Amino acid sequence: MTAPSQVLKIRRPDDWHLHLRDGDMLKTVVPYTSEIYGRAIVMPNLAPPVTTVEAAVAYRQRILHAVPAGHDFTPLMTCYLTDSLDPNELERGFNEGVFTAAKLYPANATTNSSHGVTSVDAIMPVLERMEKIGMPLLVHGEVTHADIDIFDREARFIESVMEPLRQRLTALKVVFEHITTKDAADYVRDGNERLAATITPQHLMFNRNHMLVGGVRPHLYCLPILKRNIHQQALRELVASGFNRVFLGTDSAPHARHRKESSCGCAGCFNAPTALGSYATVFEEMNALQHFEAFCSVNGPQFYGLPVNDTFIELVREEHQVAESIALTDDTLVPFLAGETVRWSVKQ
């Protein structure tokens, strides 16, 4: 006789950091998000990046065309900041409801970020405009200097970029995305109400040992890179505390299998199919399920000044095996936790 399964009912969540790509990949991955989440902040790092209102409107339409009938999903678009971006274009997009936020990628920090910002000073007029109109700034918080160790790039970013920026523009709303270190967890926790953070499932579940000991696991390779276990533990403690300025952002970032399993593999975990159950597992392990709904469904809208979703979903606690792969037109996509047995999943 099997034990009765446990059901967890929560307000429909949102994903505050998501990569959907474009073309066939977009069509493949969108349904994995749209069946679960009400909204998602969509990253603009296409090639070429989304830097105009027209490009964002067109991209939003391509996303909506990929949403299956019966899914109620709203993509929230972002503008990719560049050294040459016109502040008026950004403000127009924000006022017209096209841009929800703008994304700062330090040049060459991650996938398709070669057009990114060379220095904060180069975009100060844009940032000043964002502060004035109340537009959130989303930050990939890593320095990219060649002499800075990859495991130190987030901590160094806080002291050399993030803190000086926030001291200069004190009213600017900032989301420190996909934080991975104790340094960042402490910084956000000790900050004011204009600073928030997202955390991915992989950074809560794993540390660099899981990626590197006993063989390299390319499907755990993402940026910012997994850190040592003391940092993982700090992130877990932050979410388990019920802190209300940290929220769900999967950073789901699909790449075809041959681009991950390569002599020079791409960074990114495609976790959209398994992320919500992964978060539930972490909260359960931390005896913090009472804070799970707020992390998934309340804290993000609260920071962005948006209403919470008015529908609900259920997760069920019963073991099931994650698919080994998902078909693409001419390759496959390997989901986060592929082939593994997981405890929680969204009830269909």
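Using the three backbone atoms N, Cα and C, a Cβ is placed for every residue, glycine included.
The Cβ neighbour count for Lys103 (Zn(2+) 1 binding site), using a 10 Å radius and every protein chain shown, is 27. Sequence annotations record features per position, and here Swiss-Prot assigns Zn(2+) 1 binding site to His17, His19, Lys103, Asp251 based on sequence analysis.
If you look up Swiss-Prot, you'll see His19, Leu20, Arg21, Asn45, His140, Leu223, His255, Ala267 marked as substrate binding site, on the strength of sequence analysis.
Within 10 Å of the Cβ of His140 (substrate binding site) there are 25 other Cβ atoms, across all protein chains. Feature annotation from Swiss-Prot assigns Zn(2+) 2 binding site to Lys103, His140, His178; the stated evidence is sequence analysis.
Summarising the annotation, Swiss-Prot assigns N6-carboxylysine to Lys103 and lists sequence analysis as the type of evidence.
Of all the Cβ atoms in the protein chains shown, 27 others lie within 10 Å of the Cβ of Asp251 (Zn(2+) 1 binding site). Asp251 (Zn(2+) 1 binding site) falls within neither a helix nor a strand when secondary structure is assigned with DSSP, and so counts as coil. Taken from Swiss-Prot, the feature active site covers Asp251, and the record attributes it to sequence analysis.
The Cβ of His17 (Zn(2+) 1 binding site) lies under 8 Å from the Cβ of Ile41, Met43, Leu138, Glu177, His178, Thr198, Thr200, Gly249, Thr250, Asp251, each on the same chain and at least six residues away in sequence. A count of other CB atoms within 10 A of each Cβ picks out Leu223 as the most crowded of the binding-site residues Leu223, Ala267.
Taking the C-alpha atom of His19 (Zn(2+) 1 binding site) as reference, the shortest distance to any of the binding-site residues Asn45, His140, His255 belongs to Asn45. Looking at Ala267 (substrate binding site) and Lys103 (Zn(2+) 1 binding site), their Cα atoms lie 18 Å from each other. Between Lys103 (Zn(2+) 1 binding site) and His255 (substrate binding site), the C-alpha separation comes to 21 Å.
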